[in-house]
Each structure stands twice: as structure tokens, then as C-alpha cells.
Amino acid sequence: MVNFTVDQIRAIMDKKANIRNMSVIAHVDHGKSTLTDSLVCKAGIIASARAGETRFTDTRKDEQERCITIKSTAISLFYELSENDLNFIKQSKDGAGFLINLIDSPGHVDFSSEVTAALRVTDGALVVVDCVSGVCVQTETVLRQAIAERIKPVLMMNKMDRALLELQLEPEELYQTFQRIVENVNVIISTYGEGESGPMGNIMIDPVLGTVGFGSGLHGWAFTLKQFAEMYVAKFAAKGEGQLGPAERAKKVEDMMKKLWGDRYFDPATGKFSKSASSPDGKKLPRTFCQLILDPIFKVFDAIMNFKKEETAKLIEKLDIKLDSEDKDKEGKPLLKAVMRRWLPAGDALLQMITIHLPSPVTAQKYRCELLYEGPPDDEAAMGIKSCDPKGPLMMYISKMVPTSDKGRFYAFGRVFSGLVSTGLKVRIMGPNYTPGKKEDLYLKPIQRTILMMGRYVEPIEDVPCGNIVGLVGVDQFLVKTGTITTFEHAHNMRVMKFSVSPVVRVAVEAKNPADLPKLVEGLKRLAKSDPMVQCIIEESGEHIIAGAGELHLEICLKDLEEDHACIPIKKSDPVVSYRETVSEESNVLCLSKSPNKHNRLYMKARPFPDGLAEDIDKGEVSARQELKQRARYLAEKYEWDVAEARKIWCFGPDGTGPNILTDITKGVQYLNEIKDSVVAGFQWATKEGALCEENMRGVRFDVHDVTLHADAIHRGGGQIIPTARRCLYASVLTAQPRLMEPIYLVEIQCPEQVVGGIYGVLNRKRGHVFEESQVAGTPMFVVKAYLPVNESFGFTADLRSNTGGQAFPQCVFDHWQILPGDPFDNTSRPSQVVAETRKRKGLKEGIPALDNFLDKL
């Protein structure tokens, strides 16, 4: 089955310049898994006849039934470049054999956390775009994530068979379509990238360089300009000069590639290339890309699909394609597949593009180190990562847990960035909350086994050097989802991954049979391990809550919980949306609270953030870890804060990083520093559980105006100050016109023109509003973009399909938080209903607590 043994893989692992770690990313249903098949069959794991139908990397039963990828799956491939191709590689190399660790990731937005986990352990990405529907929302989201992790993209235009057979495009129209997609992708890259002066250099994609592939995953054929340039160089060389050396040949091919794209034209009469669109005698010349590349492909398609027997035979002979005896009898589409697959095999084109243009760990870790490692840039660990040194200290990042066949145990899946990981090695296992020098979230344990991930199988292996992707056994008890594994005593953590979506939809679950409760709790623990994104929370009322990114994500999680993790029947509530609390103006009075012993007083006010600041904090533009003066300057310039106040930010909350700020604007208060920690603790508590219905607060700035304290330290301990600070914060929120915020999805709907009216109807019923509608150039499809409250999104897909006759395809991405119009104190308004429902669900007292509970009189 597999053409190479573990020992051969192990030998290549040491040649770190010849390793490529890459993931396949794209919009949902643009053909990632199908394309991955061509690569896998080239490296000898599926029989080539079945490629395109197997979807080898969809390992789960529900993935095969639904025809979608849910989890990202890793697989190692081995590929040898010919001597001629080696000359195209611009980085260091070591022999001709390459080890490609490929991760096929899901495209569905609900699983974009899986994509993040896949991107963290790879250095390059194959971005797949359907050339009929073009660049979609999810393409942009995953590409943006890739660029943020400093991952080099190459592009693949998939589904060319559709463009030729369904849309029947002319060569020039097809060229324009490709040109437009390349431009769109480059716009995204230049928007989020660091430019040519950045550490990665220029990462724009360009067909001339060979970083764009064209083809069809389903039919199993693909090419880059390099393949055609080679054919023509060979053809022209046969006419004239003798044999070329490999290096000269590579140079020739690279020159040829420049002529095959863009505004270059070919004169078939003279066989010369020209830069003007008309020949000297005034004839209109064809574009080289159309004449020399698309034309032969169109001819093959035309001859075979219109059953022109003689022409087909001629073409097959001319292109020098050897068909098997069984292939010779085929006709129509099966013959087309066989011919195209022999002439332009997808595996070769893509694997060459990957090995030539994607960086090896040696190249990539130089510029990715500063993003990956939290510690100082010059300690042993950082140096080991930068130089990808197998003799350095072990540094390994675990990006996710993979369930094993044995119930309840997990493989830890991740990548070795420095050093060597081996069976039985004693290591430090550090969770995300570990800080150097402290004991919490740190375990010293041996690794039981190291294994190779091979799609549906695992292979044991003795040890794995840096630059490779590996699974570990026996680490799963000590980590929840992600973590760092190291042998270096003073190592800091590898940075935690940033997810592009947040878990905003929740359901409560309980066991149908109360005796099964322990199994449910155990199952929830395993579920939290197996999915990078999901959150499992126990409410104070004893309810078990699961929070996910959307309906589909939750559905899959609950199915996993029931069938794999807890193995018991489960009851679930209707999905509930999490809200945020905020304020809409400044507090109308200065709020005073006294401590329980009446010796200390705090005075505070609350006010809303200027627009955009909360989003900046979410993105990390403004954060607690920034340098003080730099942060103050940013706030003063962009949001017109007073510089003196901006320098006296005490903290962010909840959890020290959230979108609320506590600033100290007191003047000359005694003992202030002694109670700072207590006030901060009260602030974290208050922002985590707001005054209205104990939801997180968002976008509130609290100012401490004045503090009067008892002179004796024993009377101003934490027990006196923390609850007082919390009461005072609540009072200042309640006097500042509190409001609720709800999460909003950005919905992108693709549909034919005639059903656009039906879409507007559904969106209006669901409180959605359309903000952009455009036609996809060159196709009859419309794209409608709208904002839709998450609360209204349940059953939205089904509703939309029934109103449009199943012709509209929605894609929902969490976009932003928006204030729910209405006053929560007015009993008839929507927010007051939400508050009442939430309080009831959480088992709190009915009604928003009165202001008198928090506000004291002098």
C-alpha cells in the first residue's frame, strides 16, 4: 500500500531543509479533500483510479456521510524531484527526496478553530479557490489567519472542469477570471501582510513565478506555468541547439514562464512573442496564455466531449500520452479524465509547486520564531527555534488532541520546533497558564511513545527531530487542549493561538438518566480536550453548558459527546446566545460605596468606550502586555484620551485581557498602592459577572475618582476592599444607562438572481439587514452580504432554502457585537425580556437589583 517504510521517512526527517509542512485551506466545498487525494495517490497511498472519490483524509464516519471535513487530518508524503526541477529551489536543499507533511483542514466556518490549529504547526499553505465562484468570505478568513501566523501561501484554481463544461467560457474570459482571482488574493495578502520589507519578503502570488496552479481535483489534473514552459522549451530546443545543462535549462524555463502570462501575445504565423496586441500587419494577436496553454486544453476537451474519434487519436499521439488498454475503449467524460490525468497529473504539478515554493522549517522558523515564542529572543530555546537545531533544547508545541481508538485516551498532536523528541524522554509539560519560575500548570513526566500520523493509521517511531509533525502518547492527562513541551528549565511558553471566531452559541445538557451524571461530567472533559474551540462550563445552578461557534459546530459536538465521549443518552436545551453588558453614556452621579466596616470609601464613574476601541483590544492592538508609553500614545492619538490618564491604566478585564479598562484618575491619595490589587480583583469579578444578568461586560471604562482609607492597614484588607470595589463598579454601571449587546453574524449568501427577493424576505423577518449585494463577474450568481443577529440564526439555513427552492447557500461568520435597542429597565422592551430570561436560567433573583443595594449615602 504505502510505497515507503518508516525507516525511510525517519532518514529524511534529519534533512530538515527537505521537509515541507503545509496545510490545505479554502472556503467550504471548494475541493480541499478531493485535491488532497491527488497528492496522496502520487505519494502512493490510494490507487490512482480511485483518487478524487476517496477523500482519504475524511476519516470520520460523519465526515463521509455529510461530505464535509470536520477535523483536520495529517498525513506524511514522500516525493522525489528530478535533477532538472531541483534548480528552481531558491533555498538550501539536501538531496532530491522531500518529506511533505500535509494537513487537510475543514472549510466550514464553524470549524475554523481546527484551521487555526493546523496553521500553527505548518509553514506553508495551499489556498484552494473555486474558479467559478471566486474568493469567498471563508477564503478571506483563513488566508488572513495564515498571514497572521506568517505562513507563505500558494494558490490553486480548482474546478476548471466546471468552467469549461458548465459555463462554456471562452479562453479570454477564463484568463480574465483567473486574473481577477489572483488580484483578489493579492489584495488580501497586501492588506494583512507586512509588505516586501517585512521578514518574509514578498509573499504575493504570481503565476509567472509558478506559485499559482490551475486544474481540476475531481478529474485529477493540474498544471502551473512551469509545466507548459518546460514543454515549449523542450520543443524549441529540439529544433535548434543541442542538449542544455540543468541550470541553463532552468534559466530558460523561467524566462519562458514570464512570457506565458499577462499582456504578452503570440504570433502563430512567425512563432514570435510580442508585447503589443496586434501584429505589424494589423492582425489581432492571441494572448500567449490563451494560445499556448488554454488552447491545447480546450482542443482536448472539445475533441473528446464531442466524440470526434480521429481528432482524439491524433491529439493523444501528438501529446505523447500512453493509455492502458482499458482506457482506450472509454469515451466522453471517463476518457477525458484518463487523458488529462496522464497528460497533466495533478500530483506532480502540486507537489512540485509545494517543494519549490513553500519554505522548509529552516527558512520559516527564522522569521516565525518571534511570533511563536513568548520568552526573550536570545535565550537557548529561542536560538534553537530560530536555527531549527536538532541538538538544541527540545521545544514542541501541542496544537490539538486527537482521540485514539481506545476510548478516552488522546494523542497529543503537534510540531517539534527545536531539539529531538524521543520515546521515554523526561520532559516539562507546560499548560497555557504556566509562568516561568512558578509551579502551576507544570508537570515533569516521561513521554510514553512517539508516533507518526498517517491519515487513517498511526505508525510508531523511535524519535523525531525538529521541523517535523508528530503525535505523543501519555501526555493527554496533563494538558487540556494545547501546551508546550520542553526540556529547557527556563523555557517560556509558545504563544497561545488566536481564534478568528468566538464561542457565542450555548446549549445546556443533562443526562436522561440522573444516575449517568458522572459519565456526563467525564464526557464533557473529553469533549473539551478533543475540540480546540469548544467551552464546557458548569453554572452555579449546577447546569452543564457547552459553548460553540455555531449551530453546526454544536450539533457535531453533541453527537460526539453522546456517541464517543460520554456514551449515554443526553437531553439538550434550545440553543441560547451569550450577551454582553455595556453602558451608553457617562454615569450621572459620582458613585460612592463604603466598606463593610465603614472605614473606607471609594468614588467611581463609568463611561462607554469610543467606537472601535473594544475591537482593537480583541485584536490585540491595545493590550495589557504593551509598553506603557507606547499604549498611552496610541490611545491619545487614535481615541483622543488624555495622555496622563492613558498612562494610569490599572488593568483590563475580565481575565486581565478583556475589553474593559480600569483607570486611576485620583490626585494624591495616601496608601493607594496598597489597595490597588484588591480594587483590581473586584474589577475582574464585576466585569466577568455584570450587574444586569451576570454576563461579561464589554466596552466600559471605569474611572477611580477618589479614595479615602483608614490609616491602619488591618482595616483595609482585601476582605474590606474587594466587595466594596465590586459594589461601586455595579453602581456606576447602573447610573450610566446600561445596555445589552448581542452578537451579530456576517452572512454571505450565494444565489442565482431570481431568488434574491426571497432572501430579503427571510432576512427582514429575522431582524437582519443587507449592506452589500453584487454580481460575481462572469457568472449568473449574486452575492448578498448581510448582518444577522446570532439569536435569530437558528434554523436560518433551513428557512432560507425553503424560501428560495434550495438555491441559496448561506455562510455565517461571527462579526461583531451590537447594542440591542431599548432600555433594560423598561418592562416592555426586548432587552428586559432577555435579562429576565437569562436571570431565570441562571437561577438569580428576579428583576435587576436596585441601585440602593450598591450606592451608599455619605
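Placed from the backbone N, Cα and C atoms, the Cβ positions cover glycine too.
Swiss-Prot has this to say about the protein:
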BINDING   26-33, 158-161, 216-218  GTP binding site
CROSSLNK  Lys239  SUMO1 cross-link
CROSSLNK  Lys322  SUMO cross-link
CROSSLNK  Lys529  SUMO cross-link
DOMAIN    17-362  domain 'tr-type G'
MOD_RES   Thr54  phosphothreonine
MOD_RES   Thr59  phosphothreonine
MOD_RES   Lys152  N6-succinyllysine
MOD_RES   Lys239  N6-acetyllysine
MOD_RES   Tyr265  phosphotyrosine
MOD_RES   Lys272  N6-succinyllysine
MOD_RES   Lys272  N6-acetyllysine
MOD_RES   Lys275  N6-acetyllysine
MOD_RES   Lys439  N6-acetyllysine
MOD_RES   Lys445  N6-acetyllysine
MOD_RES   Ser595  phosphoserine
MOD_RES   Lys619  N6-acetyllysine
Nearest by Cα to Lys152 (N6-succinyllysine), of the recorded positions Ala26, Asn158, Tyr265, Lys275, Lys322, is Ala26
Within 10 Å, the Cβ with the most other Cβ atoms among the recorded positions Lys272, Lys439, Lys445, Lys529 is that of Lys529
Mapped onto three states, the DSSP assignment of Lys529 (SUMO cross-link) reads helix
Quick note, Ser216 (GTP binding site) and Lys529 (SUMO cross-link): C-alpha atoms separated, nearest Å, by 37
The mean pLDDT across the domain 'tr-type G' (17-362) is 75
Nearest by Cα to Lys439 (N6-acetyllysine), of the recorded positions Ala26, Leu218, Lys529, is Lys529
Rounded Cα distance, in Å, between Ala26 (GTP binding site) and Lys619 (N6-acetyllysine) is 23
In all the protein chains shown, the tally of other Cβ atoms within 10 Å of the Cβ of Lys152 (N6-succinyllysine) is 23
For the recorded positions listed (Ser216, Ser595), most other Cβ atoms within 10 Å of the Cβ sits at Ser216
Closest by Cα to Met160 (GTP binding site), out of the recorded positions Lys272, Lys275, Lys322, Lys529, Ser595, is Lys322
Argmin Cα dist to Tyr265 (phosphotyrosine) over the recorded positions Asn158, Leu218, Lys272 returns Lys272
By Cα geometry, the one of the recorded positions (Lys272, Lys275, Lys445, Lys529) nearest Lys322 (SUMO cross-link) is Lys272
Among Lys272, Lys275, Lys529, Ser595, Lys619, i.e. the recorded positions, the one with its Cα nearest that of Lys445 (N6-acetyllysine) is Lys529
By Cα geometry, the one of the recorded positions (Asn158, Leu218, Lys529, Ser595, Lys619) nearest Lys275 (N6-acetyllysine) is Asn158
Mapped onto three states, the DSSP assignment of Lys275 (N6-acetyllysine) reads coil
Looking only at the recorded positions Asn158, Leu218, Lys272, Lys529, Ser595, Lys619 (N6-acetyllysine) has its closest CA neighbour at Lys529
